[in-house]
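This report refers to the structure that appears directly beneath it.
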Amino acid sequence: MALVSSTPNVTSSINSGQRGLDLKGSNTTTSLFSSVNMWKSRRNNNNTKKKLSLVIRAVAENQGDIDFNDPNWIKHYQDEFEERFNLPHLRDVFDMKPIPTTFSLKHRGPQLVDGANTPEVQRKNGYVNEDDRTLLKVIKYSSPTSAGAECVDPNCSWIEQWVHRAGPRDKIYFQPGKVKAGIVTCGGLCPGLNDVIRQIVVTLELYGVKNIVGIPFGYRGFFDNALQEIPLSREVVQNINLAGGSLLGVSRGGGSTSDIVDSIQARRLDMIFILGGNGTHAGANAIHDECRKRKLKVAVVCVPKTIDNDILLMDKTFGFDTAVEEAQRAINSAYIEARSAYHGVGLVKLMGRSSGFIAMHASLSSGQIDICLIPEVPFSLDGPYGVLHHLQHLIQTKGSAVVCVAEGAGQDLLQKSGATDASGNVVLGDIGVHIQQQIKKHFKGVDVPVDVKYIDPTYMIRACRANASDAILCTVLGQNAVHGAFAGYSGITVGICNTHYVYLPIPEVITTPRFVDPNSRMWHRCLTSTGQPDFL
């Protein structure tokens, strides 16, 4: 491959999910792409702004830089992408023969086994071909300077990226009557957990599985002998979707991978469905690897659960729509309080440790927010361009203001404790309380009375039941998780990409959280709605 002397740096959006591409030469391995994920601007000690763009750079180890004019590089990239997104399958390790599916919507009974492969039956039951793919990205950018552009070369070349379509197959790799399936919910609460549990159980029974159990309180349930399996059936889960929370309970953290797999082996589980976020997915991937190492014929399938909507590559995760909808109640209350008070300020803190999707979407949908602060966009409170100065301007001109802040925003303004929770997440400082205090201090200093009302609806939102939109998403994700397990896949997660339901290898969604792109059209729309300036 031809090499050139200069490195073409291309500004790109943060969620492309590109990783190093290994091109095998005669004696060398060339890393074609590396992502710079430390893209967020930060303030230095002099309070000046450092702008660090996410850059996807061409890198050739010890050889110089890749020549993007080489016509073969796109093919190499596409081949590597396809290899990365190939789904791990149990037949990669075991000599497993497929059998006709027992899942049928139009025909039930013994006759299905003999007739499952007829075109008419396949059509009526909506079986998905193993080679079906979904296009991951649909926008063709003409320039790296386009809003939200995701480019891998200076010319923004169009590169097709395909992922596996989810759904029932006409061939399966498990005898349903012999299957024991387990379900576990990890991390914190999220609207829709019970909906997913319910649909997994219902779909398993449609396949003919009779032995279904719930593992209580996350990964802890695998190694805490005081916690017993919860037998599950359609009768048990029939109405659990009418309430929030998790029938199985949740917890953060867990034991060693070896101990968990020991428990899976002792329980004789054939399928394990794991609901959780980035950390839970990383744990599930380790469980999948350990099962392979031990030659255990276990299908490990994840359903992404994060109310923050911060899973890579996916359009959205369940619970997010409900969170945005419920956040409107808090924002509306803050707005009414602010408008009803003399020099009123409503301050709402919403969820979002590292990603500000909830705050951004809630601000945009409410139309009542004057200032939206998210983790991805740094800001100053003080100074002529700070939040407090703009807030003072709003009070003087409008008489009131409403501020929405994500919990992970402005952490550089707070004293760091260094503590971590059971999942290994850094314990965040309370930016909401800090801003509330600073608002009062600032307005006292300029001798302007202000009435601040602070609302934190976090636990009210987490514990509520899923709305209609999320309930549908949960239902389809639960169904597809079961379809994926019976299709013989393991080490995968289910999700929605480009409006279609897909299967993705777990490693591809845990490389980094998904962030709001400050150059995206959605963030620009939010700024248009709030009218806020740059706070640096």
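Each residue, glycine too, has its Cβ placed from N, Cα and C.
As recorded in TrEMBL:
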- 181-483: domain 'Phosphofructokinase' (DOMAIN)
- Gly188, Arg252, Gly253, Gly277, Asn278, Gly279, Thr280: ATP binding site (BINDING)
- Asn278: Mg(2+) binding site (BINDING)
- Gly279: site 'Important for substrate specificity' (SITE)
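Where TrEMBL records a feature, it is marked here on the structure.
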residue : record           : CB count, 10 Å
Gly188  : ATP binding site : 22
Arg252  : ATP binding site : 19
Gly253  : ATP binding site : 16
Gly277  : ATP binding site : 25
Asn278  : ATP binding site : 23
Gly279  : ATP binding site : 19
Thr280  : ATP binding site : 26
Farthest-apart CA atoms of Gly188, Arg252, Gly253, Gly277, Asn278, Gly279, Thr280, residues recorded for ATP, distance in Å = 12
According to DSSP, Gly253 (ATP binding site) sits in coil
Along the domain 'Phosphofructokinase' (181-483), what average pLDDT does this model show?
-> 95
